[in-house]
Amino acid sequence: MRLEGARMDLIKKIWTARKLILVVMIPLSLLPLPLIHPCSESSCAYVLIVTAVYWVSEAVPLGAAALVPAFLYPLFGVLKSSEVASEYFKDTTLLLMGVICLAASIEKWNLHKRIALRMVMIAGAKPGMLVLGFMCCTVFLSMWLSNTSTTAMVMPIAEAVLQQLICTGIADSLDDSVTVDTQDEESDKEENQESSKNHLELLNRKHNEKHEVCMLSEELNGLTLKPGFGPEFSKESNGYLPEAPISIPAPPKKPKIRRDSLYPTKRDHMICKCLSLSITYAATIGGLITITGTSTNLIFAEQFNNRYPEAKVINFGTWFIFSLPIALIMLILTWIWLHFLFLGCNFRETCSLSKKRKTRREILSEKRIYEEYQKLGPISYPEVVTGIFFILMTVLWFTREPGFVPGWTSLFEKKGYRTDATVSVLLGFLLFLIPARKPWPSAFSSESKGDDDDEEEEDPLAPMITWKDFQRLMPWEIVILVGGGYALAAGCKVSGLSMWIGRQLEPMSGLPPWAVTLLACLLVSAVTEFASNPATLTVFLPILSALSETLHINPLHTLIPATMCVSFGVMLPVGNPPNAIVFSYGHVQISDMVKAGFGVNLIGVFVVMLAIMTWGEPLFHLSEFPTWALMPNVTGTL
């Protein structure tokens, strides 16, 4: 017994220290690789494998693991320390910083909440339309904010609506078919001419137990019933009908109330599951639309531009034109899939746009959303300024180099100096300077004065955002992670490891381009379920680039679909942070996420493949192998 106890204690200690053991054992076990084969390719492969294992296992924080190339590359003679350091801060880092400045202003002045509530109010309170409304506003916000921030913003609003749904569920389950007529006053008068409505008060008393009051609306020619026992009741004369007993038909069967659950009915639980999952999936879909929507898009853009500097095909405009149809198709198909899975196939009942008749629950839900919107008050001056900056940044991104017409960069003599990061940083910098109050006094500004912080009340020139606001949202771990990916890619390029990997993949040359792309999408979407999205993409991008060059396939044909599919880690809570946020609210179980996420994964791969085979070909000229992909794999400078 003592031996077994000691053995169990040892196992527990080993399990507790498993991450530390992994951190130490992985480098030691792989050390023979660069020692037995002392060449730059093997040394780079050693650094790549160690970093990839740290990322996938999360034995150390992602940001800390991204620093491994910073000291191993110089030690093994792959890259100089100055060359590695230059990879950790790129143009996309400045682009991200400018976007975070705008996101900080949006969050600080509650513009995101106003947009979300307004879109939900437009959609209505029908379950199907409510889910679609939340998905649309989440997609829109996720285009400009991070997926994690968007989910964290929208979920509390959705939770308030769901709690209202649960609170009114028991009362609504007593008579789910009761509706409230919301027609115009003229139609109400016409109906009153034909028949009048009266309330029946039914009281069931038994000994000294508490009585239950139930108000039902019936059209009985103005007759009032008194409580009685049995099917017959005595009626008082009302001047129209003689006093006579009448029989009351049995009330409709009431839905069974679930006493063993937090939800009044199973349908309530299904609505909660559907709405919760729809938000995390919508955040993922919205992140695909813009280069800044998610960190994986930034990783792809920077690594692609570094590897193929002569390409000049990936910018905000071309990415948006390609990905917007993908997001719209995915949004519709994902909504249909979730509706079918949790709400059934009766779209007419759950998605009716008619406002003539609404259930009691729908009216209460709309009232709750309207109350939340009213709490925001009238639109404030900082919200207007933030909205103007939001629109201005988008327009300047689109018009920089649209491709079909000369952009605003053509106004400058020197070409190639201005990028999307230039616009982003400029507008982000201005947010630190522009006062958060109107420069002229008005009644409007005095009303919104109470909403500001105490420090801003004392300082009339307080800016739109402060450095603390920016620092609170700036994902420095992602910045270092992206930099580590750039460093790995640079090492693979200089050492010749990319060329070696390409030679090993030559047996796949017999496959058509669409088959290679499909295999890459399926492989990436499977791995990203268990590893972080940025880490997965950082590992696969150099491999897929080498594969494309070896098979003489346009690198964009494989890199763009892989970049999009790496975001489809939606089957498990550990797949991405939005999944974990939604799972923490307790409405869904892992089985629900797996079942729904598998369908979303298939939808995503199908739509991405459809896009790359149709409108992606003329947009990026994917049918031909470009000259910019023939760049030498070994260069002297980075």
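Using N, Cα and C of the backbone, Cβ positions are placed for all residues, glycine too.
According to TrEMBL:
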TRANSMEM  20-37  transmembrane segment
TRANSMEM  44-68  transmembrane segment
TRANSMEM  88-106  transmembrane segment
TRANSMEM  127-145  transmembrane segment
REGION    179-198  region 'Disordered'
TRANSMEM  279-301  transmembrane segment
TRANSMEM  313-338  transmembrane segment
TRANSMEM  379-398  transmembrane segment
TRANSMEM  419-436  transmembrane segment
TRANSMEM  478-502  transmembrane segment
TRANSMEM  514-544  transmembrane segment
TRANSMEM  596-616  transmembrane segment
Among the recorded stretches 279-301, 313-338, 419-436, 478-502, which has the greatest number of Cβ pairs closer than 8 Å to the transmembrane segment (596-616)?
313-338
Stretch contact, the transmembrane segment (419-436) with the transmembrane segment (127-145), Cβ-Cβ under 8 Å, 3+ pairs:
no
Is it true that the transmembrane segment (44-68) and the transmembrane segment (379-398) have 3 or more Cβ pairs under 8 Å, skipping pairs fewer than 6 apart in sequence?
no
Between the transmembrane segment (379-398) and the transmembrane segment (88-106), are there three or more C-beta pairs closer than 8 Å, counting only pairs 6 or more apart along the chain?
yes
Which of 20-37, 88-106, 279-301, 313-338, 478-502 contacts the transmembrane segment (514-544) most, counting Cβ pairs under 8 Å:
478-502
Winner by Cβ pairs under 8 Å against the transmembrane segment (88-106), considering only 127-145, 279-301, 313-338, 478-502:
478-502
Excluding the flanking five residues on each side, which residues at least 6 beyond the ends of the transmembrane segment (279-301) place their CB within less than 8 Å of a CB in that stretch?
92, 95-96, 99, 134-136, 138-144, 146-148, 150-151, 154-155, 158, 314-316, 319-320, 323-324, 326-327, 330-331, 334, 338, 420, 424, 475, 478, 481-482, 485, 533-534, 537-538, 541, 559-560, 563-564, 566-568, 570, 576, 578-579, 581-582, 596, 600
Residues of the parent chain within Cβ reach of the transmembrane segment (313-338), under 8 Å, 6 or more residues beyond its termini:
131-132, 135-136, 139, 274, 277-278, 281-282, 285-286, 288-291, 297, 300-301, 304-305, 397-398, 400-403, 420, 556, 560, 564, 596, 599-600, 603-604, 607-608, 610-611, 615-616, 619-620
